[in-house]
């Protein structure tokens, strides 16, 4: 039985079951609000532009944001423990640069992918170790990680490097047909596979529950004898790994490596996680909510593309506005609970 | 000598001196200054002029960090201030007049003021963690700047405006003079009033400060406003220097440089005691580092990697845990000291 | 239980922190099927001993044996693995998780690598039923339950772990009477099933109600181990505070003090009626007249500091009322209290008083400066005069206004904090443990100062865990016990023994 099924607890005899049920449901309120927001935006879009209401428009939200979904997954783990990872955008760019360069030199695609994953995971692990063992704030450590990764990009090359290797171009063009003339890219399946694994890990393994416990009360988690240290380190390693995967997916999508790519993508990832209902103080949130958060960001972009009169910068303003609304909502919830 | 080494500014100053010396060795004319057309020229002047925006923002950041806060939005404020002033000049009927330039400056400063009030409101009244509160403006701010510029790079031609970032007065670049004036203002504001002491009190021990009757809310508000106004002036400088507003790239990553300058200067990210002089030295170190990379013939792109290493090293040196470790190793017999060296390499 | 092997045996335990010996040569035994109370004032070493047993601290020397196995814990996990489980006052569970998750966190049953949530649910139901707590919904969030229920859930967790030893550290601090009864029912039930229970509480009556045996600590040393039924409340208290009965009876009393101002007809400076705060203290009726020193007597943790904080607005009262100079007032924050000319020296100098990295001068004028606001800086000349005046008047050493306050000795730090309030000329000064941890010379100076201030017309609320000291300086003594005010005594020749009898109350 998954914890999600506790949404409707069995009727109880003793003290105020109604209150308990209500508060239990309140856990899902931010995420449900996001789902509602998404549906409303889709409905409004459909009302305004007839072609909006098509399966492919919906699927394109996934196809265009595979990398962001994967990033948001890693970021969800980190934020659930009460941390933050500002390095993800730069690690995406580094992964793209490394793969583009090595592929150009004739490396085998498989070897490149393995190496990139090792680099991403390794960087994350290193940051996690420093955060845990030297007790330095995550934001400053991951900021340094961001400098390092971005700097290494520049060291590799300042120019955009095209990717012409067969496997990568194949992945870029591949379409997996669904019913009718609908299709998705292989990247979408990979991203959703990662989401499914993350969901399983968070809700059905002791590691996942420890992540939540740390975010709820790190001191308590330690006193309960949970492996707090290793979990916190691993969470940053996971985020680094996810960034590397996102970098590879972004390479499939853009077929190039460029040092300036993925600028500010860490902000998009954080925004998606927060809009998806995860508390920035940690302990509460769902990886599926983060996916919906990415879709909301995606639909904002689609809207602006459809409208034609609205300029691209409205995306940033709307995201900032949504971020604000959800942060204020979180404060409100926190105050009520306190 | 020993007590001099113990001064909190000792290490930043030594680091700066070493960097300057390194440059002097590679380029014997490095420290030289020369007079040309009544203007002072030289690498040192360049370092100061190029570093001026970072210094300004780092000054504001210092006070914010002293209250246990952080302001990630300064880069966005830089972009907004530049965009607002250039958009105003470009749209005004008399784009070359001094009145237009003055009004543009006023608009930028007021914009900074308003954004600072906003950040302060989120942090002090709503009680949002500083890093998250300023993240909102960091995200939305660039969009707002692009909205103002219409996504274009707005070029202006107003000599008065241009002089803010590129002009000279009394043989010195005006940007250096402005920065010096803001530094003096900050020093006077914090030391001639009780602001400095109260900022430190809130940062060192918020609980005790509250019990002594201190209203932290007002103080926190002031530091965020000051930080945003500093960022706005820096934005004016940057846009004036290139006589254009670039909403996308103006002030990009400048928050990182500012935080770096504060940390290198010896102010702890944990809040409390701060040093404005240290921050200025820290900003000079960063700017000199950039110059050094050029001087040594290393590709300038590598600067970021150096910065990353400097941040981590300084943070490690400041971290109590690392200090304890070092002290223990110092006390231990020699073989252990070797281990320490190994460990440093690993990091 | 003569020849039974103890479940836990700690011998000759020592733990030191820089500058302090927290525990020194302490022995402790805990047997199966008993409730054992660990008694002592704050700082006696109770929590250090518990942390040694739960693996939060590692012992410097000595031996710990659990169920006959020698143990040396360095993490809480190791202690738990050895069968020791702890429930803390502040409930160390995760509020963001459900009841069932909290009960089984870290030990969730798994099937093929995946947590078996069905089994989690049924095991939780089982253990809750065992403790007759089946009204608690295993799927509800922990944070939706009261502290009392959360504590019971924490106990359920230890039962599920099958703990042989259960440590309850101040479990009843924020519970009401019904909740305490429910907790005690569960404790007795566990005891009867053979669990060894270590109980720590500041509430004397509860200790006498629930425990079979007690161990008394004082200043990090063992005083002794006693059967509860053999130890009267009076002798327990004297063992805790370290004065034996004969010495107490002989103790020369300070001359009774009577001052003007407290007579009929005068208006008290401050008057509290039914003042209280949920989970803290209740029903405080106390008036303090100008020129009067009122002492708060009671064991540590009885609620003295809580009362002081309510008077100062550091915590908001949620019941009762306060009158200042006869007019009804709401004191919502320290700022508001200071505006009404009230000052407060906290018992926790380091965390709540000192701004450690600032100088003596800055610390001394802080409250005054805070009242003036940041823009109106007290001129340097005025600062110098004030600081010089108080350094001399209070004999603060070193007499250097620019020394960092964290480098001063405890006594001198305390004097600076006193001076911080004196410069604001308060009409009521609340002193919480102003002489704790400072040398005898400074202590006498502070007591004399209190006398002088009152003679000059200031109202003073004086809190100390040393009864002699309270009696020496106070005109009246309010006795606090178990989070409520139980008596008010005029100090006309009252002896320490008299006050202790009131505290022990019900001892017969």
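Every residue, even glycine, has its Cβ placed from backbone N, Cα and C.
Where the annotation comes from TrEMBL, it is an automatic prediction and has not been curated.
Database features, via TrEMBL:
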REGION    A:1-22  region 'Disordered'
TRANSMEM  A:28-52  transmembrane segment
TRANSMEM  A:58-79  transmembrane segment
TRANSMEM  A:109-131  transmembrane segment
TRANSMEM  A:138-163  transmembrane segment
TRANSMEM  A:183-202  transmembrane segment
TRANSMEM  A:233-254  transmembrane segment
TRANSMEM  A:287-306  transmembrane segment
TRANSMEM  A:312-333  transmembrane segment
Q) Counting only residues 6+ away from its ends, which parts of the chain sit with a Cβ under 8 Å from the transmembrane segment (A:233-254)? A) 64, 66-68, 70-71, 73-75, 77-78, 80-81, 83, 85, 87-88, 91-96, 99-100, 113, 116-117, 119-125, 127-129, 131-132, 138, 142, 163, 168, 171-172, 185-187, 190-191, 194, 207, 211, 261-262
Q. When only pairs 6 or more apart in sequence are counted, do the transmembrane segment (A:287-306) and the transmembrane segment (A:109-131) reach 3 or more Cβ pairs under 8 Å?
A. no
Q) Taking A:58-79, A:183-202, A:312-333 as candidates, which has the most Cβ pairs under 8 Å with the transmembrane segment (A:28-52)? A) A:312-333
Q | Tertiary contacts of the transmembrane segment (A:312-333), as residues 6+ beyond its ends and Cβ separation under 8 Å | A | 26, 29-30, 33-34, 267-268, 271, 274-275, 277, 279-281, 296-297, 300-301, 304
Q. Ranking A:109-131, A:138-163, A:183-202 by Cβ pairs under 8 Å to the transmembrane segment (A:58-79), which is first?
A. A:183-202
Q.
Cβ under 8 Å, sequence separation of at least 6 from the ends of the transmembrane segment (A:138-163): give me the contacting residues as numbers and ranges.
A. 78, 83-87, 89-91, 93-94, 97-101, 103-104, 123, 126-127, 130-131, 169, 236, 251, 255-259, 266
